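J.: Just passing along the structure, written as structure tokens.
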């Protein structure tokens, strides 16, 4: 192993069993858990995010859970800073950071760093007004004219990323794509603090059922269980807050946006259930796309009964624990 301290990434699609395996690992390895999930950062969003129970969190603490109010935003850059700080604290105690979750953009930000992008609150507010007045399709058309690479990457119905890409261009006169390419070239060889390489030897694990149909069944079952556990009431409580609205990143989380639309009268209960399940399946598909391109990832089958021993064998084989 290199002179860098070890870290473990436990990735995978939603409903694959990541948390269960992570907890088992903490029982046999000197690991501490860091959540890598863009929905779990929000307080009061427990059922729809499949947040581990209070009992589980008390017995097996996860960092970066319940660190933001739903009215606040939380970016990949903020995650990277928080995760690096948590990893350093864990390593200083002689423990191994075990990062678990399915927000692949966060993992990428941690590994590759993020270019500092220009921002301007007034420009962003104007773009938000344009989105409301003209629609997201018009914003996507504008982005395609000035930054076709970003437009091809960003879904036309993703207001947060559309607005951010246009904001960067309007503030700096440079596309987000060009900005990233230039800053990446400038940061080659820099350390993690400057946005370069991660100062850890990382073991990348991914867990998922080998049969995609099984994952789809799990997703449908879990969404139904969330509804039985009071997911609609959870979203109803969020809607009762005057500072929350459907355009916030928290409320756009998979499942939450569908229940919000149901409570707004835009969907029937059956439509909400169906669209929530479909949106979760689409999320899983995007996660698989990320993982297929992830370098040196070791796959585990969710359906196997010996994933703990398989994981320990793999970690021993690559000498990350020595």
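Backbone N, Cα and C atoms are what each Cβ position is placed from, and that goes for glycine too.
Here's the feature list from Swiss-Prot:
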{"type": "BINDING", "residues": "12, 13, 14, 15, 16, 17, 18, 19", "note": "ATP binding site"}
{"type": "BINDING", "residues": "14, 15, 16, 17, 18, 19", "note": "substrate binding site"}
{"type": "REGION", "residues": "37-40", "note": "region 'Interaction with substrate tRNA'"}
{"type": "REGION", "residues": "160-164", "note": "region 'Interaction with substrate tRNA'"}
{"type": "SITE", "residues": "103", "note": "site 'Interaction with substrate tRNA'"}
{"type": "SITE", "residues": "124", "note": "site 'Interaction with substrate tRNA'"}
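Tell me about the surroundings of these features in the structure.
T.: Following the DSSP three-state reduction, the secondary structure of residue 15 (ATP binding site) is coil. Note: residue 15 (ATP binding site) has non-local neighbours 50, 215, 218, 219, 222, 280, 284, i.e. same-chain residues 6+ apart with C-beta under 8 A of its own C-beta.
Same-chain residues at least 6 positions away in sequence with a Cβ under 8 Å from that of residue 19 (ATP binding site) are, in sequence order, 52, 56, 100.
Summarised by DSSP class, the composition of the region 'Interaction with substrate tRNA' (37-40) is 0 helix, 0 strand, 4 coil.
In the region 'Interaction with substrate tRNA' (160-164), the DSSP tally of helix, strand and coil residues is 5 helix, 0 strand, 0 coil.
Taking Cβ-Cβ distances under 8 Å and a sequence separation of 6 or more, the neighbours of residue 103 (site 'Interaction with substrate tRNA') in its chain are 36, 37, 38, 79. DSSP assigns residue 103 (site 'Interaction with substrate tRNA') to coil, not to a helix or a strand.
Cβ neighbour count for residue 124 (site 'Interaction with substrate tRNA') (all protein chains, 10 Å cutoff from its Cβ): 16.
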J.: Could you state the whole-number distance in Å separating the C-alpha atoms of residue 13 (ATP binding site) and residue 124 (site 'Interaction with substrate tRNA')?
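T.: It is 32 Å, counting Cα to Cα.
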J.: Which residue, out of the binding-site residues 12, 13, 17, shows the minimum number of other Cβ atoms inside 10 Å of its Cβ in this structure?
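T.: Candidates: the binding-site residues 12, 13, 17. Fewest Cβ atoms within 10 Å: 17.
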J.: Out of 12, 16, 17, 18, the binding-site residues in the record, which is closest to residue 124 (site 'Interaction with substrate tRNA') when you go by Cα distance?
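T.: Nearest by Cα distance to residue 124 (site 'Interaction with substrate tRNA'): 12.
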J.: Which state, by DSSP, holds residue 124 (site 'Interaction with substrate tRNA'): helix, strand or coil?
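T.: Helix, per DSSP.
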J.: If the ATP site is taken as the center of the Cβ atoms of 12, 13, 14, 15, 16, 17, 18, 19, which further residues of that chain fall within 8 Å of it by their Cβ?
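T.: Sorted by sequence, the hits are 102, 207, 208, 302.
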J.: Which residues, sitting 6 or more apart from residue 18 (ATP binding site) on the same chain, put a CB under 8 Å from its CB?
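T.: Sequence-distant Cβ neighbours: 10, 11, 12, 100, 101, 102, 207.
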